[in-house]
Amino acid sequence: MSADDLKAKGNAAFSAGNFEDAVKYFTEAIGVDPSNHVLYSNRSAAHASLKHYAAALSDAKKCVELRPDWAKGYSRLGAAYYGLTDFVEAAEAYEKGLGLDPSNEQLKSGLSEAQAALARPRNPFASPEVLRKLLTDPRGKALLEQPDFMRMFSDVQTNPSSINMYLQDPRMQLLLEIALGLKMSRPSDTDVPHPAANGGAAHSRHEEAKPAPAKAEAAKPAPEPEAGPDVDMTDEERDTAARKAEALREKEAGNEAYKKKDFEAAILHYDKALELYQGDMTFLTNRAAVFFEQGNYEKCIADCDAAVEKGRELRADFKLIGKALCRKGNALMKLGRLEDAISVYNKSLMEHRNADTLALLNKTEKVLKEKREREYIDMDLADVEREKGNTAFKEQRYPEAVQAYQEALKRGPPAVNPEAYKLYSNLAACYTKLGAYPEGIKAADKCIELKPDFAKGYSRKGTLQYFMKEYDKAIETYQKGLELEPDNTELQDGLQRAIEAISRFASGQASAEEVKERQARSLADPEIQGILKDPIMQQVLRDFQEDPRGAQKHLRTPEIMAKINKLVAAGIIQVK
């Protein structure tokens, strides 16, 4: 499979939210085309969506190395650094990208967020130095590839006091050891001396060596590890933790009420959760969902805006911010603010590429297009444009005539204009004069579709087919028109002209160049291609070549006879 095919599969997986599959396909594509900077960019985005920021950073660096003048590479680089909370490097990457593309909104937004993060009060876990230590320590680098650890790490970066909830996790203890130098005794540590070792003494950095305990005391369980002064909870931190726990209980109660469609009760629970704790944006997005169900779309929009602002402040998961924006887009749709909804859906997709959001965007764009088309309808102006087209056609100003007829169709489309078929007929005539035969065929087909009993439409189409040297098709079209109007002189003349053209080719009067050109056109026709690829027809043609007399039996089969006539009319075979 080619690199482009694998890339397409990766893009499809990414759009569907299957980031692991996206990484797999992009990796295979890189194996085929290792110098393609776009593949590294795409894989970096997939890694970032999985919160594998170290891997995302590696790919972003490779992308920039391969294509240093590509602004999007620096966007990937900035996003990876931001995910690793190295806001200084993130801001620098975004600034470099803006140096290449000053109007890039994604780079501007990234730089703004990185600068806002730098302006927030610092805590030891948010320091870029912590990340550097984790990246340079094999044990720490492994931690950065674990999504559940990254969620814990993100939590303590936002709220340092929350570390107390994670101290029993050995990985958090390892983080303290690598990043802050706080060595905590753990039952699994092999480098912590046993109380019976080293002459019966255990040494720590805080205590002098003590005499070995008596045998009776040796049987006692080891004391709980003593946390350093930076880990102890203050009264304020305990209060915050308690309020957070209570807020989460209120949220769950709100969720249950929402499921039961008890919306007023749900709002009360979410309100209480917001009073208790301000560090969770989902309280706002959940309340916005209730307002949406109640039809209170303005309040839904206000809560979504507040949730996005809170999410950026807390550096929440991109998916949560994207979800809040998508919900806002849905509310805007309900209010009929389609342009605003499209803008918000696009912002949501910049946060998190989601197939459902993409479908909503496409649907909204279609609705907006149809709305604009309806608002544009004006039958009086349609008549004015039609007259302009007629005048331009008579004066042989065919491009202007085309423009006028097209405008007439916009002002009076077939849905509201029962004579729109005449405009398509006129367009077909213009395209014939301009030599734009394929466009003319489309216009003639639309004319016939709208008015199947309009003989002029068949005359227009037959003439176009004649000029395209598709004489067999022209004959069929003229014959259909004559079924409607047997005495139509224009159709009769066209039919006679097409028959004479075929006869000229059949009798060998056409030049070798004309024959070659016509055969080339015919071979490009899907219908002719289908006949020539038919195994039965291939055998029939071989029989005519090897034993013409014996092959006459095939002509008794109507289906085969019709196909042979098609090939003769197309100039593919000649009858002598």
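Each residue, glycine too, has its Cβ placed from N, Cα and C.
Unlike curated entries, TrEMBL annotations are predicted automatically.
Listed in TrEMBL:
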REPEAT    3-36  repeat 'TPR'
REPEAT    71-104  repeat 'TPR'
DOMAIN    137-176  domain 'STI1'
REGION    186-253  region 'Disordered'
COMPBIAS  211-221  compositional bias 'Low complexity'
REPEAT    382-415  repeat 'TPR'
REPEAT    421-454  repeat 'TPR'
REPEAT    455-488  repeat 'TPR'
DOMAIN    525-564  domain 'STI1'
Beyond the flanks of the repeat 'TPR' (455-488) by 6 or more, those residues with Cβ under 8 Å of it: 421, 424-425, 428-429, 431-432, 435, 437, 440-441, 443-445, 447-448, 494-495, 497-499, 501-502, 505, 517-518, 521-522, 525, 565-566, 569-570
Residue numbers, six or more beyond the limits of the repeat 'TPR' (421-454), whose CB comes under 8 Å of its CB atoms: 386, 389-390, 393, 396, 398-399, 401-402, 405-406, 408-409, 414, 460-461, 463-465, 467-468, 484
For the repeat 'TPR' (421-454), the number of residues DSSP places in helix, strand and coil: 28 helix, 0 strand, 6 coil
Same-chain residue ranges lying at least 6 outside the repeat 'TPR' (382-415) that approach it to Cβ under 8 Å: 373, 376, 421, 423-424, 426-427, 429-431, 433-434, 450
